[in-house]
Amino acid sequence: MRLFAFLWSSVAFLSTVQAQVSQTASQTQDDSSTPTPTPTDKYVNIADALRTKTPMATPNRTIMPTRQDPRATEPPTPEPTYLPTPSPTPAPTPDPGPWVAKWMDHDQVQPFKQPDPVTVSEKAAVKFKPQIHITNGCHPYPAVTWWGETSGGLKTKGAPSAGCKGSGWGSQVYGRSTWVKGVWAIMYSWYFPKDSPSTGLGHRHDWEHVIVWIDNPDIENPKILAVTPSAHSGYSKQVPPSADCVDGTSVKVKYESKWPINHALESTTEGGETQDLIMWNQLSENALRAMNSVTWGDANCPFCDGNFQAKLDKAWPF
């Protein structure tokens, strides 16, 4: 029964819908001569709205300055202070060992050039540099080179001046000075390849020196107080020196042998020659080592460390 009622209701509904459709079609044909107004949409088409969307005006925005970091006003943290790295302790200078003498021909030894004086003592030494007159025997020669090579000297044969009439390289006078009991002493020394009054007499090598004693090297006009030339391990003394034995500020000495006695220095009135002066503290290190180490046979270097003070004490003229 229920099924029958449902079917009847469905048929009635379909009949009603068909009648409405027929009526609508008839009205459409009657009104075809007049334009059909476009119905107003009740709903918004979202797709069309998105395509025609007016862009929103961007408001002018004032960018506020960035707030300053308050930490920037604080003083910067100082860099840490580190202690300096200590320099490594230099290795000790190795002991060069004993000096080995390096001999060379006497006429091949080159002298030191005389330096310009700088110190008070150097200026005084140049000012009072003596002159030497060779009466007989050898002329003075350089004894040591810058490298520490030393003169081999000459045998005692031939005439007193045989083979030693002067070096082609030039000669040399060696100086050293100091205070002795309130007096300034300047020692000037010469080297000779041999000391031979005649053939077969004397010995290889010779050193002679004169000491000039002055009051004070550091005053405008120092005065010569005494002169002590060397003679056979001793000294002759002039206190004060004779005016005839001094040329300005240069004392005059002669190198002479009174046969058969060996050569020695004496004060003289005869003029002589001067040589380039090199002071002890101006010698090279090797030259100093050589002068302090080399033995010269029967001759003695008077200004080396082992002899200098003893010679001054012995020559004291006052």
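We count from 1, first residue shown onward.
Keep in mind that glycine also has a Cβ here, set from the backbone N, Cα and C atoms.
As recorded in Swiss-Prot:
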COMPBIAS  23-41  compositional bias 'Low complexity'
COMPBIAS  55-65  compositional bias 'Polar residues'
COMPBIAS  73-96  compositional bias 'Pro residues'
CARBOHYD  N60  N-linked glycosylation site
REGION    23-42  region 'Disordered'
REGION    51-96  region 'Disordered'
MOTIF     185-195  motif 'Conserved undecapeptide motif I'
MOTIF     202-208  motif 'Hepta-peptide GHRHDWE motif II'
SIGNAL    1-19  signal peptide
Excluding the flanking five residues on each side, which residues at least 6 beyond the ends of the motif 'Conserved undecapeptide motif I' (185-195) place their CB within less than 8 Å of a CB in that stretch?
106, 124-125, 128-130, 132, 137-143, 151, 153-156, 163-164, 171-179, 202-214, 255, 257, 262-263, 275, 277, 299, 301-303, 308, 311-312, 315
Chain residues in Cβ proximity to the compositional bias 'Pro residues' (73-96) (below 8 Å; excluding those fewer than six residues from its ends, i.e. six or more beyond):
289
Please work out the helix, strand and coil residue numbers for the compositional bias 'Pro residues' (73-96) from the DSSP assignment.
1 helix, 0 strand, 23 coil
